[in-house]
Amino acid sequence: MDSINEFTSKKLSIEGNISSGKTDVLNILRNINNVVSFHDVEDRYTPIEKELIRKFHENPSRWSYALQTHYCMKRVRMHLECFVPSRVNILERSIFSDRYVFAEAATALGYMDDPEWALYCKQHDWYTDKLEIQFDGIIYLRTIPESCKERINEKSITEKNYPNISIDYLKTLHEKHELWLTQCKKVPVLIIDGEEDFIFDPCAKKKLINEVTEFINSI
């Protein structure tokens, strides 16, 4: 099955670790009829964000709160601006992964202290409550940290100044993804094996499209 009910209006997010393959999957899913995808690239390479990310990985305790606050606002803006009526809208990450994965990981690793965490949560709760931010479903691209690190190392060769992200940080992010999405009760979650080669394996690509299509039609 690769057809979605016509005039379906839904909003989903695709979640996963850094370099888990979300962008490649989104490029494939946008070929499904009635699907429109929004990539997390609008600000990624602006000078301000590149500098903020660089500073975070050099000194996470100093810059974690600033980075998480920036991304919280960015997710809110994506939620408000990236929506096409009567279409299935799939966003790369959400304000919820910003909190339950990245902000919680930063706190667990000691990058944000208790006052910063409290301020972040207060801001996050205000946005989600006042703006009534909700999603119809989540697609979780489950990729082991070692694979993510290998892909990051490859990117660091081709992209100048690509941040050196530690395997320990990736493992913590993976643990937070697992804790959040394997126990999530508020919204349906589809878990996809991120170790599959969706680019060069036609069978894996077809399976991905079928699973996502069936998931969207079921919610």
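Note that the numbers count up from 1, one per residue, in the order the chain is shown.
Glycine too: its Cβ is placed from the backbone N, Cα and C atoms.
As written in Swiss-Prot, here are the features:
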ACT_SITE  Glu92  active site, proton acceptor
BINDING   Gly16, Asn17, Ile18, Ser19, Ser20, Gly21, Lys22, Thr23, Asp24  ATP binding site
BINDING   Asp40, Gln68, Arg93, Asp98  substrate binding site
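Overlay of Swiss-Prot annotations on the structure.
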residue : record                 : Cβ contacts under 8 Å, 6 or more apart
Gly16   : ATP binding site       : Lys22, Tyr140, Leu141, Arg142, Thr143, His177, Gly194
Ile18   : ATP binding site       : Cys148, Ile152, Ile165, Leu170, Leu173
Ser20   : ATP binding site       : Leu141, Arg142, Thr143, Ser147, Cys148, Gly194
Asp24   : ATP binding site       : Phe198, Ile199
Gln68   : substrate binding site : Asp98, Phe102, Ala103, Ala106, Met112, Tyr120
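Of the chain residues outside the ATP site list Gly16, Asn17, Ile18, Ser19, Ser20, Gly21, Lys22, Thr23, Asp24, Val25, Leu141, Thr143, Cys148, Arg151, Gly194 have their Cβ within 8 Å of the site's Cβ mean position.
Secondary structure at Gly16 (ATP binding site), taken from DSSP and collapsed to helix, strand or coil, is strand. In the three-state DSSP classification, Arg93 (substrate binding site) falls within coil. Other Cβ atoms within 10 Å of the Cβ of the residue listed as 'active site, proton acceptor' number 20 in total over all chains. Ranked by how many other Cβ atoms sit within 10 Å of their Cβ, the binding-site residues Lys22, Arg93 place Arg93 at the bottom. Within 10 Å of the C-beta atom of Asp98 (substrate binding site) sit 22 other C-beta atoms, taking all shown protein chains into account.
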